Structures are given as structure tokens and as C-alpha cells.
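Please read the structure below before turning to the comments.
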Amino acid sequence: MPPSLRKAVAAAIGGGAIAIASVLITGPSGNDGLEGVSYIPYKDIVGVWTVCHGHTGKDIMLGKTYTKAECKALLNKDLATVARQINPYIKVDIPETMRGALYSLLYNVGAGNFRTSTLLRKINQGDIKGACDQLRRWTYAGGKQWKGLMTRREIEREICLWGQQ
């Protein structure tokens, strides 16, 4: 993980899991995190219309140029949605750094498969390291493994494990 990202994530810990995930996604300067930024909608590697830091959905307006403030608002809304989708399934106390890493992961891949995942099962069994190691399995898009996703998952795993230290 780049030292600047490590420092920014450490500074965000007091803000909670959503703040941690936001810094992971946007990076210290707002465009150098795990997600790139595009103010103009584009199709991602699996053909989904995407804008800003990875926002997807029917509310994307093709042809519109989004502002930095609009992108921040979309990210905050999306991370709050991720939190609502997964928090009810986590039955044990986990560190905020782990929760932030999970929010980042599920912002990227969607929360659908989380409910039946080995990742969640390991969390609820109290196997924090085993759960964090599961992040390495979420590296496929469109049936293909991607180096960029492998790198991202290693960074998320590192943050996930911070609560162990």
C-alpha cells in the first residue's frame, strides 16, 4: 500500500468504517485510491454504466459531467447503502478497520453474495484473520481474474488485519 494511502486511512479511523472505506476508495487526494474517478459516465469492464468513484445505477445521467461534490455525495450514499445491506448479517463485534475494508470490498463487488459467503461465516465464527484472508478470493470480474482487483484486495486485506495488531 502506498505510504500516503496508509497515512490517510490511519487518519480516517476516528471517523468510523464509512470514513475508512471512503479514503480507501478515493485516496488521499480524492483521485488516487482503489477506485479511479471519472466525472463522465463510462461502461466498466463488464459493461455496466459507471461514474465518479465507481457509482452504478439507474440514476446515472449519460452525457452529464458530474462535479467533485456530486461524486462525494454519491459515494457517501452508496457506502451508507452497503452498510445497511451487510451490517445486519455481522453478528459479532469487529474492528472498524475491518468493517471499512468490507465496505470497500462490497462497494466494489456488490453485497449480494456476501450473505452466503465463507467470508461472512468466518467473521461470525470470530476468525478475523481467516475472514481477512478471504478477501483474496474476490478478484474476478466477468469470469476473469484481474491484476487490479488482486492489488486492491491485498490493500483491503492489510486494512482488514489492522484490528489484529
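Here the Cβ of each residue, glycine as well, is placed from N, Cα and C on the backbone.
The active site, proton donor/acceptor feature in Swiss-Prot is assigned to GLU35, ASP44; the stated evidence is sequence analysis. If you look up Swiss-Prot, you'll see 8-28 marked as transmembrane segment.
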Rounded inter-Cα distance in Å - ASP44 (active site, proton donor/acceptor), GLU35 (active site, proton donor/acceptor): 12
For ASP44 (active site, proton donor/acceptor): DSSP state (helix, strand, coil): coil
